[in-house]
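Enquirer: Below is the structure I would like to discuss, written out as structure tokens.
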Amino acid sequence: MMISPVHRFRDIERTPEYLQPEKCVPPPSRASLGTMWFIRDGCGIACAVVTWMLVFYADFVVLLVMLVPSRDYVYSVINGTLFNTLAFLALASHFRAMLTDPGAVPKGNATKEFIESLQLKPGQVVYKCPKCCSIKPDRAHHCSVCKRCIRKMDHHCPWVNNCVGENNQKYFVLFTMYIALISLHALIMVGFHFLYCFEEDWTKCSSFSPPTTVILLILLCFEALLFLIFTSVMFGTQVHSICTDETGIEQLKKEERRWAKKTKWMNMKAVFGHPFSIAWLSPFATPDQGKADPYQYVV
């Protein structure tokens with residue numbers, strides 16, 4: 001039987017010499033693990049700031065260029081409320097996805113004392129990550145940006161300056177969904193505003209000069225179209241990954257499935273919580289996913 005490169009690598013990790021517990025620094029105490037999660041990556045921080053700036057720019061154009069000058073008060077109130085609600089939910093989802101621990105395995109727990117405390121039975125195997133010196137559970141992968149092993153890591157996203165993993169995938173999915181919705185909403189309003197300005201005097205359809213209005217609307221249209229396509233594809237990819245219970249890394253590496261297969265509904269509940277409710281759409285509701293103790297690493 002042919003052995004894949006992944007299996008060969010993991011077979012090397014099975015050897016006791018490879019663990020080298022004496023070279024690992026003891027892990028931090030559980031009390032120190034309650035600090036806020038934030039990745040100090042220059043590129044990721046810049047991308048996160050740009051994301052917020054683009055949302056604020058879209059809100060500026062929607063409100064001050066299109067809705068405030070409108071003579072239709074009901075139209076302005078309805079669309080302004082809807083757009084700002086979706087924008088608020090998008091930014092809240094981004095905030096939660098960025099500052100939530102995605103499922104990091106504690107560093108340096110591959111010590112001799114910790115391995116002995118596991119009380120392994122004959123035939124049981126533990127795997128060590130040589131990069132962060134941690135004993136990692138099955139389906140965990142090391143992120144070179146976060147410098148940690150992440151449980152059920154899907155990918156590292158610079159736009160949220162964090163990995164997308166077991167604990168924050170819900171917030172990332174909501175972020176892509178709400179960005180796609182406000183992008184679509186902005187495109188529709190830009191189309192109606194152009195039609196309105198063509199029918200009316202350009203000097204009366206905006207508080208800005210006609211050239212400035214056109215430039216601002218074109219920039220918003222380009223931004224909304226670009227992010228509508230990008231986030232829609234990402235949202236569909238994430239939903240498919242959740243339903244099939246296979247992360248992006250596992251799909252890319254074509255790893256052999258070693259975990260129990262569940263229904264699509266069970267996989268969705270594992271990410272968004274149980275039972276189905278409006279809380280699935282809220283970035284403020286933390287799903288009760290019934291995760292295992294993060295200190296259990298035997299596979």
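Even glycines carry a Cβ here, placed using N, Cα and C.
Caution: TrEMBL annotation is automatic and unverified by curators.
Among the features that TrEMBL reports, domain 'Palmitoyltransferase DHHC' is placed at 128-254. Residues annotated as transmembrane segment in TrEMBL: 43-67, 73-92, 171-194, 214-235.
Locate each feature and note its surroundings.
Expert: Broken down by DSSP into helix, strand and coil, the domain 'Palmitoyltransferase DHHC' (128-254) contains 72 helix, 19 strand, 36 coil.
For the transmembrane segment (43-67), the residues of the chain that approach it from at least six positions outside its boundaries are 75-76, 79-80, 83-84, 87, 90-91, 94, 98, 145, 158-162, 179, 182, 186, 189-190, 193, 206-208, 213, 216-217, 219-220, 223-224, 227, judged by C-beta separation under 8 angstroms.
Long-range neighbours of the transmembrane segment (73-92) within the same chain, counting only residues 6 or more positions beyond its ends whose Cβ lies under 8 Å from a Cβ of the stretch, are 52, 55, 58-59, 62-63, 67, 174-175, 178-179, 181-182, 185-186, 189, 281-284.
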